[in-house]
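I have placed the structure first, in the form of structure tokens, so that the comments after it can refer back to it.
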Amino acid sequence: MKKSTKLLAGIVTLASAMTLAACQSTNDNTSVITMKGDTISVSDFYNETKNTEISQRAMLNLVVSRVFEDQYGKKVSKKRTEEAYNKSAEQYGASFSAALAQSGLTTDTYKRQIRSAMLVEYAVKEAAKKELTDADYKKAYESYTPEMTTQVTTLDNEETAKAVLGEVKAEGADFAAIAKEKTTAADKKVDYKFDSGDTKLPADVIKAASGLKEGDISEVVSVLDPATYQNKFYIVKVTKKAEKASDWKKYKKRLKEIVLAEKTQNIDFQNKVIAKALDKANVKIKDQAFANILAQYANTDKKASKANTSKSDQKSSSDSSKDSQSSKSKSEK
């Protein structure tokens with residue numbers, strides 16, 4: 001479930017948000033529970049739960065969901081939402097229903113969650129495009145490594161990985177054959193092509209390959225598997241490496257993809273985009289119990305304002321210094 005909702009990492013699932021929404025759309029005096037001598041109304045339940053952390057986050061989630069649906073709903077088709085949902089269901093297979101239940105989700109609430117994430121993702125990506133500069137391209141180019149042809153073996157424990165490393169580094173060793181035999185990868189795949197901005201392998205593995213020369217073999221690269229929370233160990237050999245062109249513009253399209261990916265994954269940038277959307281929607285908190293749910297986005301605005309003020313102060317200070325030096329020079333003359 002994490003893949004589809006990473007842009008909303010600080011917000012809980014829509015399941016709780018729907019509960020709050022139901023409370024708000026039902027008469028406050030409607031009885032939820034009846035018993036001898038007493039009843040529990042919607043109002044009782046709302047007042048009892050609204051100050052809890054889960055309700056605070058649920059309300060935030062509901063606000064963000066509504067705002068982005070209003071501002072960007074036409075940009076993401078329902079078909080795309082369904083496709084993303086079906087893809088997730090396929091990945092989980094027979095355990096999908098259990099995974100939903102464990103996350104406190106239903107089919108409908110999970111689809112809403114996916115859609116909210118996709119709407120935020122769209123907005124963040126569009127905002128990132130508007131901020132692209134030649135400086136961004138040049139910075140990305142500096143650390144960019146063009147396509148590499150590699151052979152990679154994956155091991156489940158460090159001791160075995162070190163033993164395999166000794167084998168593949170032995171004189172005359174056939175790396176590909178050993179890698180194929182020893183790898184614990186489910187598909188037994190060892191041949192890969194990627195550049196430094198690719199994501200088909202863990203970032204640390206790609207980084208290790210990027211630093212190798214053609215024909216070189218890496219040391220053992222340890223990577224924490226986010227799915228199992230267990231370390232996996234990789235050894236990579238670069239068999240072919242494209243020569244890097246001196247003009248960054250040759251890779252402009254690819255560099256754009258890399259820069260946009262970095263920006264859209266940046267939490268501060270995401271928060272800035274969400275803050276702007278909330279400001280445009282003129283969100284007003286009527287119940288003081290929820291007064292602080294947008295604080296993280298208000299802080300984003302303050303940070304940006306503070307940064308701009310700092311830059312302005314630095315410029316003013318620099319200009320004042322120049323004026324002072326100029327006046328001193330004229331006085332000396």
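Cβ coordinates come from backbone N, Cα and C, glycine included.
What Swiss-Prot says about this protein:
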- 312-322: compositional bias 'Basic and acidic residues' (COMPBIAS)
- 323-333: compositional bias 'Low complexity' (COMPBIAS)
- 145-240: domain 'PpiC' (DOMAIN)
- Cys23: S-diacylglycerol cysteine (LIPID)
- Cys23: N-palmitoyl cysteine (LIPID)
- 301-333: region 'Disordered' (REGION)
- 1-22: signal peptide (SIGNAL)
On the 0 to 100 scale, where does the mean pLDDT of the domain 'PpiC' (145-240) fall?
-> 96
Reported in the order helix, strand, coil, what are the DSSP residue counts of the domain 'PpiC' (145-240)?
-> 27 helix, 29 strand, 40 coil
